[in-house]
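These come from TrEMBL:
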type	residues	note
DOMAIN	104-195	domain 'CAAX prenyl protease 2/Lysostaphin resistance protein A-like'
TRANSMEM	31-50	transmembrane segment
TRANSMEM	62-80	transmembrane segment
TRANSMEM	100-119	transmembrane segment
TRANSMEM	155-177	transmembrane segment
TRANSMEM	184-202	transmembrane segment
């Protein structure tokens with residue numbers, strides 16, 4: 001634990017992520033401009049500070065990524081409809097999140113697929129989780145990594161978004177530790193985002 005607290009690279013990265021995401025969520029009217037730039041900054045930081053794992057072939061990474069991305073989306077879809085069924089709806093909250101943060105312009109969709117999803121995986125799994133594994137066992141590393149991933153979403157003002165980030169962070173954290181493949185989790189994240197924002201957004 002002492003080694004973890006003294007990990008200056010990790011602390012620097014986390015502070016940078018919080019500062020960047022604070023400004024990203026601060027003005028919803030320019031969210032996609034600031035958010036895209038912020039993720040690019042985190043990608044550069046990660047490339048300078050860490051090394052990526054890639055222990056699967058590209059076809060296997062793509063295959064696992066597509067399957068897990070779809071499964072994660074259907075977990076969210078099923079959870080949403082179950083809560084609707086028991087009359088515990090988040091429809092208003094989800095409506096606000098889509099209106100505030102969902103992409104609406106062509107370049108924003110490109111940023112979602114080619115910047116946001118890859119950048120978040122490179123930083124949160126490829127850098128943060130790997131740094132945690134230097135000091136902690138796998139389960140605490142994955143849990144703390146998911147918690148930290150969720151924590152930067154606090155600036156959105158949405159507890160639902162924080163929880164969603166934590167849950168998805170757990171899934172991608174387990175996948176990354178299990179398969180040791182950055183392309184896999186990037187593809188999984190891209191497929192999840194495509195389903196959630198383009199193909200089959202949740203009803204709102």
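Quick reminder: no glycine exception, Cβ is built from N, Cα and C everywhere.
Annotations in TrEMBL come from automatic prediction, not curation.
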Below 8 Å between Cβ atoms, which of the listed ranges 31-50, 62-80, 100-119, 184-202 makes the most pairs with the transmembrane segment (155-177)?
184-202
By DSSP, what is the split of the domain 'CAAX prenyl protease 2/Lysostaphin resistance protein A-like' (104-195) into helix, strand and coil residues?
82 helix, 1 strand, 9 coil
